[in-house]
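Visitor: Input: one structure, supplied below.
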Amino acid sequence: MAMEKSSSKYRTQFWYVAMASFLLWLVLLYLFSSSAKTVHNHERLFRQENIIDLPVENVPQNHEPDEAPVVNVVSEDISVDNSSLPVSVDSPPDDQMSEDKKVVTDLVEELEKERVENEKKRVDSVVIGRSSKARRGHREPRKARSSGRLEAEKKRVRRNDADESNAENSDENHQALDKEPNFFEAKKDVEPKKALVDDNDDDLETKRGKELPNDSSSNVVEDDNDDDLETKKGKDNISKSEPKTQRNFVLNKNNTSKAKNRVISKRNQPSRVGKVMLRPRETRSNDPCKGKYVYMHEVPALFNEELLKNCWTLSRWTDMCELTSNFGLGPRLPNMEGVSGWYATNQFTLEVIFHNRMKQYKCLTKDSSLASAVYVPYYPGLDLMRFLWGPFPFMRDAAALDLMKWLRESQEWKRMDGRDHFMVAGRTTWDFMRTPENESDWGNRLMILPEVRNMTMLLIESSPWNYHGFAVPYPTYFHPSTYAEIIQWQMRMRRINRRYLFSFVGAPRPNLGDSIRTEIMDQCKASKRKCKLLECISGSQKCYKPDQIMKFFLSSTFCLQPPGDSYTRRSTFDSILAGCIPVFFHPGSAYAQYIWHLPKDIAKYSVFIPEKNVKEGKVSIENVLSRIPRTKVFAMREQVIRLIPRLMYFHPSSKSEDTGRFEDAFDVAVEGVLERVEGLRKRIEEGKEEIFDFPEQYSWKYNVFGNVERHEWDPYFDRP
């Protein structure tokens with residue numbers, strides 16, 4: 001009985017709880033539906049089509065006087081029926097305007113303000129766009145550029161340009177302009193109108209006026225700079241000699257005070273040939289680096305350091321990260337013939353090696369006014385390697401064009417218009433001479449850019465028909481750090497026993513009709529006991545192992561060096577390093593290339609056999625070499641061994657005091673650059689109109705013999 005009462009009691013309580021929960025749910029449902037309806041009404045009021053045809057008198061009159069009426073803005077393009085909106089037109093605004101209508105009017109006011117601001121921004125952007133377009137002239141936009149990383153440099157350049165433009169507003173320039181022809185008078189009626197414009201608009205109009213009427217002169221500069229170079233600042237070059245143009249005239253009419261112009265003029269003198277400092281600043285008479293100082297540009301990292309950081313992108317088939325390690329020397333190799341300092345060096349890493357050697361150069365200066373030459377630490381070969389086999393030629397040119405723009409805007413460039421600058425490329429010159437009319441051809445256009453043609457370019461192979469390209473030795477496997485290592489290796493080469501008369505390491509070139517490699521390999525096979533042949537056929541790994549290659553050269557008295565895909569071979573320097581006398585078949589393989597590093601008397605260190613005689617079967621290589629007297633062979637070998645230091649690159653960490661009296665290929669190349677720049681400087685100071693007084697196709701002849709008279713080698717260098 002007690003249990004039944006207890007059960008009935010709990011049942012009654014349960015129903016109470018259930019009923020209360022149900023009532024609470026109904027209340028919440030009602031509140032939710034009411035809130036949703038309110039939100040829906042507000043959303044409908046905020047729709048654009050529901051706020052368009054509102055009467056003007058219901059909008060608070062708190063706009064600025066110069067703003068346009070709201071009804072003109074919102075009713076131009078859209079017409080929507082707003083009859084369903086709860087708006088009362090006849091009721092007084094202060095008494096009958098609903099809360100929703102106030103929200104709508106506030107929104108309309110906000111939209112109107114936003115429209116006015118956008119209109120002002122649009123007008124400003126159009127004016128600025130026209131001004132920038134006028135400054136660019138007719139230059140076509142570049143398809144690919146690395147502008148993001150050069151943004152800081154661009155801002156600096158704009159400030160420099162502004163200073164240089166203001167410099168031309170000095171009183172002296174005013175007087176010079178008064179003597180100019182009357183082609184400026186066409187703009188006199190425009191000047192009073194410009195005086196009425198505010199300062200900002202005056203600056204914009206001045207920029208437009210100083211560039212747009214100057215199309216003819218800017219076209220000349222752009223044509224000289226290969227059309228797709230950015231040459232809007234080409235007038236700052238050292239060669240500027242044309243009369244002043246409309247650009248300077250308009251600037252002289254602005255409201256800048258003459259006193260300010262005089263101060264700026266003294267601080268930034270215009271770059272004219274007569275006033276430019278061609279010679280470096282004098283130092284003390286007993287300065288050991290006098291005339292040898294070199295300044296190294298601090299170019300943006302994307303032109304060198306970032307290429308090494310992203311080394312995995314340089315080649316699809318080769319691990320360039322490994323090959324660019326150890327200052328560009330590559331992986332360390334075991335000692336050879338008891339001498340240390342051997343590395344698996346790739347022939348295309350010369351740029352990295354040279355850069356690291358320059359960091360240790362004894363006459364490197366941070367003061368560009370002392371420098372006799374300026375080094376540009378750009379890695380053009382590695383940069384090109386990334387896109388060499390790609391389908392987009394413009395990507396091969398992008399970084400080079402950006403660098404040229406950066407150089408043109410530097411103060412060091414303006415001193416001699418870049419003629420005291422030099423750069424190193426670890427590839428042959430043919431990789432950098434793609435012509436504009438053949439965009440799909442191999443390589444890029446670096447060597448034909450106007451700026452580079454003013455510079456001195458160091459490559460592992462130069463063109464015989466080029467003013468500014470000079471060849472330097474290929475990197476070898478030996479990079480000693482001390483004087484003792486050099487002497488030890490030379491002594492080892494003098495004592496070594498050489499079993500074979502001559503040897504050849506290479507592959508045939510059946511696709512090249514004028515190649516003599518097949519004939520050479522046939523003659524070597526015929527001289528079984530006197531010739532050693534290492535045929536680099538497909539799949540053979542011996543030709544890629546430094547120790548195997550050096551063993552071949554160490555066992556031979558003469559090493560054959562016929563041309564391959566190009567005139568030169570890295571094998572030439574590997575064989576000389578091994579004390580093997582080189583045998584050349586074309587003067588372009590060494591004699592007309594490495595004019596700074598090899599002796600003028602070619603018979604002292606090499607043998608020359610005309611390739612035509614080999615091709616036609618008129619000569620036996622074995623007979624020619626066997627007839628050389630033994631005493632002469634010893635003398636030639638001694639000369640080759642003495643050449644070894646000049647044809648290799650010391651370890652970049654080595655100091656000049658560590659290597660003693662020896663000069664390596666780097667030292668010889670820098671001396672050659674300094675001598676060439678000094679010659680150009682003298683010709684400029686003498687007022688020579690032409691820097692070179694001989695045709696460019698005879699460059700090889702002038703560099704080798706000092707004249708362009710007829711020579712027996714002329715048939716070898718007939719232009720193709």
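Residue numbers in this text run from 1 along the chain shown.
Cβ from N, Cα, C; glycine included.
Okay, so Swiss-Prot annotates it like this:
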COMPBIAS  114-124  compositional bias 'Basic and acidic residues'
COMPBIAS  148-162  compositional bias 'Basic and acidic residues'
COMPBIAS  171-197  compositional bias 'Basic and acidic residues'
COMPBIAS  230-245  compositional bias 'Basic and acidic residues'
CARBOHYD  N82  N-linked glycosylation site
CARBOHYD  N214  N-linked glycosylation site
CARBOHYD  N237  N-linked glycosylation site
CARBOHYD  N254  N-linked glycosylation site
CARBOHYD  N255  N-linked glycosylation site
CARBOHYD  N438  N-linked glycosylation site
CARBOHYD  N454  N-linked glycosylation site
TOPO_DOM  1-13  topological domain 'Cytoplasmic'
TRANSMEM  14-34  transmembrane segment
Visitor: Whole-number Å only: compute the distance from the Cα of N454 (N-linked glycosylation site) to the Cα of N438 (N-linked glycosylation site).
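Guide: Checking the Cα atoms of N454 (N-linked glycosylation site) and N438 (N-linked glycosylation site) gives a distance of 23 Å.
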Visitor: Please give the sequence-distant neighbours of the transmembrane segment (14-34): residues at least 6 beyond its ends with Cβ less than 8 Å from one of its Cβ atoms.
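Guide: Counting only partners 6 or more residues beyond its ends, the transmembrane segment (14-34) has no Cβ contacts under 8 Å, so none.
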Visitor: Might you list, by sequence position, any residue in that chain lying six or more from N438 (N-linked glycosylation site) with a Cβ less than 8 Å away from its Cβ?
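Guide: For N438 (N-linked glycosylation site), no residue qualifies.
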Visitor: By DSSP, how many residues in the compositional bias 'Basic and acidic residues' (114-124) are helix, how many strand, and how many coil?
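Guide: Per-class counts: 11 helix, 0 strand, 0 coil.
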Visitor: Hey, does DSSP put N454 (N-linked glycosylation site) in a helix, a strand, or just coil?
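Guide: Helix, per DSSP.
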Visitor: Let me know the model's mean pLDDT on the topological domain 'Cytoplasmic' (1-13).
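Guide: Here the predicted model's pLDDT, averaged over the topological domain 'Cytoplasmic' (1-13), is 58.
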Visitor: Look up N438 (N-linked glycosylation site) in the DSSP assignment and reduce it to helix, strand or coil.
Guide: coil
